[in-house]
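Here's the structure we're looking at; comments come further down.
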Amino acid sequence: MNGRRKLNMQQNKRLITISMLSAIAFVLTFIKFPIPFLPPYLTLDFSDVPSLLATFTFGPVAGIIVALVKNLLNYLFSMGDPVGPFANFLAGASFLLTAYAIYKNKRSTKSLITGLIIATIVMTIVLSILNYFVLLPLYGMIFNLADIANNLKVIIVSGIIPFNIIKGIVISIVFILLYRRLANFLKRI
């Protein structure tokens with residue numbers, strides 16, 4: 001019975017930690033920074049960092065849960081734009097799954113950095129394709145913006161690609177700075 005109680009306690013602590021990371025990620029969605037020379041609707045926030053912390057501490061399912069909860073809460077509180085949270089979830093999921101897949105085989109600083117670089121590239125490609133075929137046409141349809149459909153290539157090349165590269169680099173740097181300091185603490189909670 002004592003072993004079962006200890007296992008339940010560990011599972012509860014893990015669930016609480018994932019919940020806290022989800023809450024932190026949600027709060028971070030409200031702290032946004034515009035990137036000069038890019039369209040004003042493309043703003044940078046650090047809400048993917050808690051998802052990455054959850055992924056690299058507890059595994060990819062935990063990271064996906066944090067990203068999903070963050071974006072569901074963001075949608076429920078913004079009550080308007082379903083496309084933004086959906087795109088953010090896809091960006092975060094493609095980023096964290098790629099980074100973790102590369103890192104998990106050889107857990108080293110080099111594989112971590114390599115994983116984050118490749119994750120930035122994958123996220124940029126995934127979001128460029130999704131924006132071209134799904135997200136931007138959906139925005140155009142929902143908000144009745146005909147200009148979007150006529151300028152997809154320009155929007156992708158001059159906005160989406162540079163934004164996702166910058167986002168991947170910034171998120172990676174912040175994550176690297178925090179991960180080494182917080183990983184052991186998060187595992188002990």
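The backbone N, Cα and C atoms fix where each Cβ goes, and this holds for glycine too.
In Swiss-Prot, P82 does not share a side of the membrane with A183; the two are on opposite sides. Within the chain carrying the topological domain 'Periplasmic' (30-44), a Cβ under 8 angstroms from the stretch's Cβ atoms is held by residues 155, 158-160, 162-163, 166-167, 170, all 6 or more beyond its ends.
Long-range contacts of the topological domain 'Periplasmic' (79-82) within its own chain (CB-CB distance under 8 A, at least 6 residues past either end) are absent; none are counted.
Within its own chain, the topological domain 'Periplasmic' (133-159) is flanked in space by residues 38-39, 42, 83, 86-87, 127, which lie at least six positions past its ends and keep a Cβ under 8 Å from the stretch.
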